[in-house]
Amino acid sequence: MSIEKVSILGKESIHVGYGIQSHIVEETIKCLASSTYVIISDTNMSKTPTYEKLQDSFQKELAKQRPQSRLLTYLIPPGENHKNRETKAEVEDFLLQQGCTRDTVILAVGGGVIGDMIGFVAATFMRGVRVVQVPTTLLSMVDSSVGGKTAIDTELGKNFIGAFHQPEFVFCDVSFLQTLPKRQLINGMAEVVKTAAIWDETEFTRLESFAKRFLAEISAPTPNLESIKDELIKTVLGSVRVKAFVVSADEKEGGLRNLLNFGHTIGHAIEAILTPEALHGECVSIGMIKEAELSRYLGILPPSAVARLSKCLAAYGLPISVDEKIFSKIIGAKKNNLKIDSLIKKMLIDKKNDGSKIRCVLLESIGKCYESKAHQIFKEDIQVVMTDEVFVHPFANRHPESVSITPPGSKSISNRALILAALGEGTTRIKNLLHSDDTKHMLDAVVLMKGATVSFEDSGDTVVVQGHGGKLFACKEEIYLGNAGTASRFLTAVAALVNSTQDEKSVTLTGNARMQERPIAALVDALTTNGSKVDYLNKQGSLPLKIEAGNGFKGGRIELAATTSSQYVSAILMCAPYAEKEVTLSLVGGKPISQLYIDMTIAMMKDFGVDVTKSETEEYTYHIPKSVYQNPQEYVVESDASSATYPLAFAALTNSSCTIPNIGSSSLQGDARFAVDVLKPMGCTVEQTSKSTTVTGPPIGTLKALPEIDMEPMTDAFLTASVVAAVSQGTTTISGIANQRVKECNRIKAMVDELAKFGVSADETEDGIRIHGVQLRDLKTPGGRGVKTYDDHRVAMSFSLLAGLCKDPVLIQERSTTGKTWPGWWDVLHSKFNAKLEGHEYIRQRSGSLRNGDRSIVIIGMRAAGKTTLSRWLAEHLNFKLLDLDQYLEKKLAVDIKLLVKEKGWDYFREKETEVLNECLEKFGKGHILATGGGIVEGEKPREALKNYTKSGGIVLHLHRDLKETVNFLSKDPTRPAYSDDIEEVWKRREKWYHECSNYHFYSTHCTSEAEFANLKLVFAKFVSKITGDDTFVLPATRSTFVTLTYPDLRKVPSLIKDVSETSNAVELRVDLLANQETAYIAEQIGLLRSVATDLPILYTVRTKSQCGQYPDEDEEGMRKLLMFGLKMGVDIIDLQLISSPSTIAEVISKRGHTKIIASHHDFTGDLKWDNVEWKNKYAQGVSIDADFVKLVGMAKTFDDNLLLENFRRQNTEKPLIGINMGPQGKLSRVLNKVLTPVTHELITDKPIGVGQLSLKEINQALFQIGGLLEKEFWVVGSPVSHSRSPALHNAAYAALGLPYKFDIFETDDAEKVYSQLMQKPTFGGLAVTIPLKLDIKKYCTELSESAKLIGAVNTVTPIADGRKGFLGDNTDWIGIANSFKKADFALASGVSNGLVVGGGGTSRAAIFALHSLGCQKIYLLNRTESKLQDLVDSFPDYDLEILLEKNASSVSIGLVVSCVPGDKPLDETLMKKLDGVLSNNKGDKQTRPLLLEAAYKPRVTPIMELAKEKYDWTVIPGVEMLVNQGEAQFKLHTGYTAPYKVIHSAVLNE
């Protein structure tokens, strides 16, 4: 057994080895005599063989050596969330109960949580007992166990309460690591890399070379760490020795020890927010990169060191950005909580700070810290580094008069050098290589294909490439290239040379979203013509590509169009020496684009030993011999001439001087001519030697425009030229840059659009741009979101120059995009040009939370799914135009579709259909409903267009109905072209396409009557309002409830649903309890539920078995699909279980749209008491994922469990909490819960036993009995009121809901009496006001609702804050009118766009308001006294009101009439004559449904009702309906509850 010992604080107390459990036991018992030894670990560790062996050995050895001593063990739950005061106290209580004294020796066996917390226990128990650290994770071995720092966490931060307490021994047994999962091993490597980065470059270099072997071993199906134990021991020792040395020099962290906190200032802040999902090492890894970038920003650390650190961490599988795909998946929705203010707040309470000053360790180079101490850093600098947007402040006169800038290596040369070196034989040292995203992707790809071995020297400045002579092999991993266009083109050609392996037969190249739009077809065509087999995996002509290995490169003559990108030409040139036959490459069709880049490639091939000869007989034709590149010993990459244009342009714009010391006239790069060909004619002084270039700008405001400049030799530099031209005198026209339209973005359009924000006019030409310069004083500061960079590095850098010339700071989005070619550009701007930068955090709105506004909506679905009808309704509802794409196609082609299909076939029709879809999405992107044909999803291209539309935030709505009904309908419809397949087969084929192309789904219930159609129209309108964001669920200010439906098939209980749900605020659909969980069945159930409970929000729940439901826990993918389908159905609320995988949680949260989220957790065992930290963690998790509500359900075993819950509720208020206990003893919790309490109903007979469910009535009765509800009194006031039905209505509802309220009459015509005798009573609950007090009562109201103000009358009074803040006057008469029409299916009424009000009194005003709310465009007025009507017209100036004259009465179109004249008095003959004309002209028939509402409820049938119904067949609504509907609205205002409609209706009618 080999054991390495490390001295710390003068004592060799750190022992490192492999399989040293026996040594741990012997040393502890021999050296640390004690009556009691206590092994403390966690419940996970205790199950491992290594722990069991240690405990058994200790027991046996103790019996031999110290038989009088005893061994105790104590286990705590695992995880950082248990490293707290409570757990520490539990451990201490255990020690006290066991009679432990000051001679006790504690062994802390576990990871950092155990080491930290048990070390702190040892430090404080009996004022300090001895402790032995036995770290079992890599992280704890190299970090927390060494140095005596012990602590626990609090809610305010990590490790804030603790002590320095040195362990007697630290035993690092590397064999313990065998028990760790892969992620935990990787996690530990962060601290290892950190230690080497701050202290020992030699060790850092060793770690770089060890990464591949380490990752391969721990990733094996059955890892065997013994095979790498020597390297692992070296790894642990390397870190431990550094930490021991530092601790020995600075035990209490006074100075030097602070260096160990590199990466922790930012890393700890990130960890505090992302724990427990993100691990310590992962956060420190990201923190190291951010702090290294901070050092670079401050001009201390070279960019190459940042790149090297980044590459090393990534090589170990550690995240280097929170945006990394895998890390983002792990942390899920918590990523949204990484707000800069929150992070800085966490940094401000870091232990190593000096007061409120943030201190941070700055790296000077790999292996060395700046000035060997932590430095004060400013929040402003952190903000720049931590955010991806930046404000560029005016340059003013802060910049130096002259400066020398060395840009990073040329991207073009760097990428070519890496390809040539990888294909070559031998080792080459590449200096000044560009360290950027592009070259990182290139390096990673070369290594993945085993084309070369890559290492670093000179602190990362030199890249050592050992080429394998063109021997490349297929790899399993996808090669991800981000948005690296150069890398994608070069590697596509290189991949054609790849050989297959036993397991892998192809190479896949992919990239980000923009890369998957960029063209590569011309290169792929050339390769496939030459024998390669390349498949497009997504969009034709773009990445991702699958390239079959082993086909080789045939060679011979290859022709490419001269207009082809020079990168395609270079790709083939560089691979040509490895073809089977010598290659002749001919560029045909004119002068090649970017000839200089082709010349560059040929010159570099020569440097690597291959001579390309130019044909003497054919223009633009090259002969490439078969050969193998020979790598030169050293290759120096020239600085990037395109990047050099930015500092040179800075000088031009600011009347300063800038020198680029390593780019001159001898450069191979076309952009090296920028200074001479562009800046000099614009008025700059230019001095250029063969190796350097200096530009001095003219006096500010004197730059001259360039009338004509062909920038074809330096196309990338046109953006820089454009921003200089923007402030030059005159118009500049740039040509020869057509290829810039297909770069990272359409750069020409981008320049036109973004220059406009600065007040600079520019327009596109056929192959360039024309810019009309402005005076500096006329340059505008872009408002709003500032400059959009389109994820294009050159757009960002160009506009960072123009931004500094504005009067105010300018926002630049996506600043990190410059990492493509110049990662340190912002650092140069800040530290070299003294520009003031300010980081800005864009707070993104929830995905989908924006209202749809006027954006067009696309409709898809099968034939006969109701697309025509529902599209028409949708257009009406949104006031959009309806465009039927089939009709548009017929009009465009001047042919009937049926005939078109018959003559030219379905394929031709589909092709034309696709063209029309793309055209309409482009032309009619706003204010339209685009209704498509059923087969739009048959083609890949239209499917892609639809999916892209949803990705961009547009709505694609899939309409569907019962398939049998669809079949029945289509079989009877001769007007449509016949399907060639069976309809059901067509549906089966298309179903998955409809789902993947749409982001919303609406199921239409089958309608057989006008009433059902009217209801469907109402349901559909509500659905549309939800998905467009116009009407989303809002939590009531009062107590709220939901009722749960547990039926397997709602079709069997439709009437029951309405009765049991109407008094709740939402209805829960338990999807897991349905008869089956097929999406079609669920859609049907939701459709039915919506049709029955039209006004109620739907809570969509899929509960797993472990959470008291029926859905299988193991079917995570099925759960994800069901939740996503719920979102697609546009449900109001969705229940998201907190035990779901982080990826499921993240997807639901990110795609929630306008659906509210309940984050839920259930414990039906009763083992978790409410003072257990697990509940706190679950609540915090719900908060962290940004759920709208958190629902936590426990099981009450005692009555006191309810009191513990209430204490928990008081302490956790960040998000609304639904907190209840199940079980009979938990009923009190349901009574006390205020937010969305689950309730049952008296009519539900099959209630679950033992759950403790209560009805709303039972809850209210119990709440009254314990003082939670107080008695209240309500009155109807006015005169006469003795026959009012209001008391009957309200008292019936109180009784039904168990409310301790009383409603009575108060007869008076004196408002003052009402105020003094009723409204001042402590039990006052509210008033129903009738004549003659509707106007007089207003003076006693401190507030009036908008409806009361406009109508001018109050019929409802409620106290504000129990009357302490006065009284609210409202009007519910208009709601009574509007809801009476709605309940009578007004949606299908003819001429609904126009209404008529008969009468001129107070109720007429409410009628006008109601008709307007129902969407009547014009409202006619009719009364005996026309002067009264003019007063009404004047009172509603914004409404289209018209007094109905006798001559027009028989000709106007009217669908809704409200009669507001007394029902028990004779009517004026003239008025009746006019009314007769209206009724006659609009009488009902089979197609029309005109409606008349009688406002008077006495007598039951009035003369007007009789005339309308009997003579003209109008549907009449008696006044009693208005009374009930008005009372229902009034009841809700008074109590906050919804009245049971049947109950109040019956109470009013049964006099």
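Using N, Cα and C of the backbone, Cβ positions are placed for all residues, glycine too.
According to Swiss-Prot, the protein carries these features:
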BINDING   ARG127, ASP143, LYS149, ASN159, 191-194, LYS243, 257-261, HIS264, HIS280, LYS351  7-phospho-2-dehydro-3-deoxy-D-arabino-heptonate binding site
BINDING   GLU191, HIS264, HIS280  Zn(2+) binding site
ACT_SITE  GLU253  active site, proton acceptor
ACT_SITE  HIS268  active site, proton acceptor
REGION    392-835  region 'EPSP synthase'
REGION    854-1044  region 'Shikimate kinase'
BINDING   GLY861, MET862, ARG863, ALA864, ALA865, GLY866, LYS867, THR868  ATP binding site
REGION    1045-1258  region '3-dehydroquinase'
ACT_SITE  HIS1162  active site, proton acceptor
ACT_SITE  LYS1191  active site, schiff-base intermediate with substrate
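The structure, with features from Swiss-Prot marked on it.
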| residue | record | contacts (Cβ under 8 Å, 6+ apart) |
| --- | --- | --- |
| ARG257 | 7-phospho-2-dehydro-3-deoxy-D-arabino-heptonate binding site | GLY147, VAL246, VAL247, ALA249, ASP250, GLU251 |
| HIS280 | 7-phospho-2-dehydro-3-deoxy-D-arabino-heptonate binding site | GLY112, LEU139, ASN187, ALA190, GLY267, GLU271 |
| GLY866 | ATP binding site | LEU959, ARG961, SER1004 |
| LYS867 | ATP binding site | ILE859, ILE860, GLY861, ALA931, THR932, GLY934, LEU959 |
| LYS1191 | active site, schiff-base intermediate with substrate | ASP1135, ILE1158, ALA1159, SER1160, HIS1161, LEU1217, ILE1218, GLY1219, LEU1236 |
Checklist entry - Hey, how far is LEU260 (7-phospho-2-dehydro-3-deoxy-D-arabino-heptonate binding site) from THR868 (ATP binding site), Cα to Cα, in Å? => result 69
Next on the checklist: Which one is it, among the binding-site residues GLU191, VAL193, ARG863, that lies nearest to HIS268 (active site, proton acceptor) by Cα separation?
Outcome noted: GLU191
Next on the checklist: Measuring Cα to Cα, how many Å separate ASN159 (7-phospho-2-dehydro-3-deoxy-D-arabino-heptonate binding site) from ALA864 (ATP binding site)?
Outcome noted: 65
Next on the checklist: Within a 10 Å radius around the Cβ, which one of these recorded positions has the most neighbouring Cβ atoms: HIS268, ARG863, HIS1162?
Outcome noted: HIS268
Checklist entry - If you measure from the Cα of MET862 (ATP binding site), which of the recorded positions ARG127, GLU191, VAL193, HIS1162 is the nearest? => result HIS1162
Next on the checklist: Of the recorded positions VAL193, HIS264, HIS1162, which one has its Cα closest to the Cα of THR868 (ATP binding site)?
Outcome noted: HIS1162
Checklist entry - For ALA864 (ATP binding site) and HIS1162 (active site, proton acceptor), what Cα-Cα distance in Å is obtained after rounding to a whole number? => result 44
Checklist entry - For the binding-site residues listed here, ALA864, ALA865, which shows the highest count of neighbouring CB atoms within 10 A? => result ALA865
Next on the checklist: Using only C-alpha positions, which one of ARG127, ARG863, ALA865, HIS1162 is spatially nearest GLU191 (Zn(2+) binding site)? These are the recorded positions in the record.
Outcome noted: ARG127
Next on the checklist: Check the DSSP secondary structure of MET862 (ATP binding site), expressed as helix, strand or coil.
Outcome noted: coil
Checklist entry - Nearest to ARG127 (7-phospho-2-dehydro-3-deoxy-D-arabino-heptonate binding site) by Cα distance: which of the recorded positions HIS264, ARG863, ALA865, HIS1162 is it? => result HIS264
Checklist entry - Mean pLDDT, the region 'Shikimate kinase' (854-1044)? => result 87
Next on the checklist: Counting only residues 6+ away in sequence within the same chain, which have a CB under 8 Å from the CB of VAL193 (7-phospho-2-dehydro-3-deoxy-D-arabino-heptonate binding site)?
Outcome noted: PHE204, LEU207, SER285, MET288, LEU309, CYS312, LEU313, TYR316, LEU318
Checklist entry - How far is it from HIS1162 (active site, proton acceptor) to HIS264 (Zn(2+) binding site), counting Cα to Cα, in Å? => result 36
Checklist outcome for this item: Top of the binding-site residues ARG127, HIS264 by count of other CB atoms within 10 A is HIS264
Checklist outcome for this item: Those same-chain residues, other than GLU191, HIS264, HIS280, found with Cβ within 8 Å of the centroid of the Zn(2+)-site Cβ atoms are LEU139, ASP143, ALA190, LYS194, GLY263, GLY267, HIS268, GLY281, CYS283, VAL284, GLY287
Checklist outcome for this item: DSSP output for ARG127 (7-phospho-2-dehydro-3-deoxy-D-arabino-heptonate binding site) maps to helix
